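In TrEMBL this protein carries:
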type	residues	note
DOMAIN	A:82-295	domain 'ABC transmembrane type-1'
TRANSMEM	A:26-52	transmembrane segment
TRANSMEM	A:86-107	transmembrane segment
TRANSMEM	A:119-137	transmembrane segment
TRANSMEM	A:168-191	transmembrane segment
TRANSMEM	A:218-237	transmembrane segment
TRANSMEM	A:243-265	transmembrane segment
TRANSMEM	A:277-298	transmembrane segment
Amino acid sequence: MSALGELRRIKGSTPPKQRNQNRAAFLFLLPWFLGLALVTIGPMAASLGLSFTRYNLLSPPRFNGIDNFVRMLEDERLHTSLGVTFQYVFISVPLQLGLALLLAVALDRGLRGLSFYRSAFYLPSLLGASVAIAMLWRQIFGVDGLVNTVLAWFGIEGQGWISNPDTALGTLMVLNVWTFGSPMVIFLAGLRQIPAMYYEAAAVDGASRRQQFWRITMPLLTPIIFFNLILQLIGAFQSFTQAFIVSGGTGGPVDSTLFYTLYLYQRGFANLDMGYASAMAWLLLVIIAAFTAINFWASKYWVFYDDQD
Amino acid sequence: MTKTDPAVDLAPLTESVVTGLPPEQVRDDRRKNAFRKPVSSLIRHAILIAAALLMLYPVIWMVVSSVRPNDVIFREPGIIFDSFEISNYVDGWNALSYPFNTYLLNSALVVLGSIVGNLVSCSMAAYAFARLDFTGKRFWFAIMLLSIMLPIHVIIVPQYVLFSQLGWVNTFLPLIVPKLLATDAFFIFLMVQFIRGIPRELDEAARIDGAGHPRIFLQIILPLMVPALATVTIFTFIWTWNDFFSQLIYLTKPALYTVPLALNAFQDAQSATDFGEMFAMSVVSLIPIFLIFLFGQRFLIKGIATTGIK
């Protein structure tokens with residue numbers, strides 16, 4: 001075969017190449033297709049089916065129509081868990097992102113020792129999801145814990161932060177805020193993308209640092225803020241480990257740390273109420289999807305894309 | 001944020017007009033200028049160091065407390081090694097029904113299986129999405145992206161039913177097999193992004209030499225995507241090592257406990273009396289993460305900066 005023939009084959013003829021690639025693509029994607037069918041879509045469909053049944057693993061599922069959903073309407077603990085989760089998500093995520101943004105801006109501008117600070121602030125996000133840190137949290141916010149020892153120096157009498165239903169959720173929020181390092185690194189990468197000449201042009205026009213921040217940095221960073229917001233919201237709705245460890249699996253005291261996922265776990269795997277747990281899982285999916293959709297819709301009004309002008 | 005006189009900001013610009021330096025460099029110069037104002041930069045560093053210390057304080061305190069006698073731990077908020085009670089580690093290691101190395105080994109097995117699974121299956125899928133044209137590509141790609149956001153809780157119940165019917169409960173299979181089937185779609189996305197950055201001319205050249213897709217994938221693409229593979233390895237390690245939810249559900253026999261489950265058992269068994277031992281084993285459990293952080297930071301920072309994973 002001549003070189004010219006080879007070249008023409010590469011350049012022009014899509015039809016035979018297409019067929020070849022379909023087969024190759026199928027083979028390359030085979031594990032993923034299997035996973036999608038057996039581990040993702042299949043179970044999703046099954047869980048939708050199970051949500052209309054009563055099922056305890058031991059005897060076959062019994063269809064009970066919309067009973068599970070009706071029960072959800074009357075289930076006080078479910079409502080509590082939704083309230084706890086919403087509080088956790090809508091208080092700790094904005095605080096976490098705000099802190100991440102603040103530190104990212106403080107660390108930008110070619111600060112010496114950037115990599116040291118970045119590491120120090122980033123490390124907690126790697127550790128924060130672990131059981132060990134959740135256990136540590138339980139100790140330092142306990143009655144005899146570190147926090148109260150430090151407060152005592154200032155003559156403030158502490159309390160059992162974890163055993164008090166008014167403050168227990170707060171300690172978990174602090175833990176989530178503590179892991180602001182990963183959104184911070186994303187913000188730092190975003191700040192790098194802003195061309196220096198924008199700032200110079202603004203400086204020529206006499207804009208102050210504050211004006212530069214609000215008129216240049218913030219608008220150009222909104223896509224990153226949006227991205228971080230979506231990511232952290234989805235993650236926070238699914239928090240489980242910290243509440244489980246800090247409350248010893250109960251969601252207490254008085255259900256004050258009963259995250260939605262924790263309640264789902266209790267119903268499904270402790271009470272073997274699998275049908276109800278499936279219905280709960282679908283409600284969670286709907287909630288997360290709804291908030292993500294609302295975010296995307298709202299983003300039209302506040303997220304600024306540089307390439308649209 | 002301090003308000004600065006615009007005239008100060010203009011100085012380097014006038015300088016650039018005089019020297020004719022490109023604007024990028026001028027901004028660099030201005031950055032350096034900031035450090036010639038020693039007072040404000042000193043204050044800034046002081047605040048940042050205080051903040052960093054506050055952030056790391058709980059962790060450092062835990063490490064120091066792990067070698068303190070029990071009766072001292074909560075009376076001593078200092079973070080200087082003042083005693084060296086190694087017995088916490090010895091006793092903690094053997095406090096549960098199996099020595100702690102059992103749990104470390106179990107975790108290591110799950111982590112290793114997950115890493116191999118993710119590397120093989122996700123890189124294959126990524127190659128297809130990045131380099132091959134096939135029917136419905138956009139549709140499947142969208143499905144892949146959507147699956148990233150799917151909460152595990154939506155599928156966990158039927159998945160549990162499936163795996164328990166296969167007799168896989170109390171084995172590591174439910175934790176590893178899904179990884180072999182590329183269910184961590186995040187990594188597919190990360191690798192697609194990376195492969196897209198590899199010049200297509202390399203594939204074309206190999207194709208002219210008669211290489212098929214398996215060879216192009218194995219001999220051209222894979223060697224070039226080592227940084228992406230490293231990122232995936234590191235993140236899989238950290239996520240799997242820290243994972244609690246699925247391990248809690250699938251592993252109920254103490255002999256099969258992974259490190260997070262062992263720590264959880266620790267908390268139940270000790271009923272919050274032996275903090276020294278508990279902290280000692282917590283420290284042991286965090287050492288691998290810390291080592292990964294020390295040596296793999298480059299990949300971690302790059303990984304989250306480009307895809308936004310944790």
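One is the number of the first residue shown, and numbering goes on along the chain from there.
Cβ atoms here come from the backbone N, Cα and C positions, even for glycine.
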Among A:218-237, A:243-265, A:277-298, which stretch has the most Cβ pairs under 8 Å to the transmembrane segment (A:119-137)?
A:243-265
Other same-chain positions with a Cβ less than 8 Å from the transmembrane segment (A:243-265) and lying at least 6 residues past its termini are 77-78, 80-82, 84-85, 88, 131, 134-135, 137-138, 162-166, 168-169, 171-172, 237, 277, 280-281, 284
Okay, the transmembrane segment (A:26-52) and the transmembrane segment (A:277-298): do they have at least three CB pairs under 8 Å, pairs separated by 6 or more?
yes
Please indicate, using numbers and ranges, the residues of the same chain that are 6 or more beyond the transmembrane segment (A:26-52) and have a C-beta under 8 Å from a C-beta there.
61, 63-66, 68-69, 274-275, 278-279, 281-282
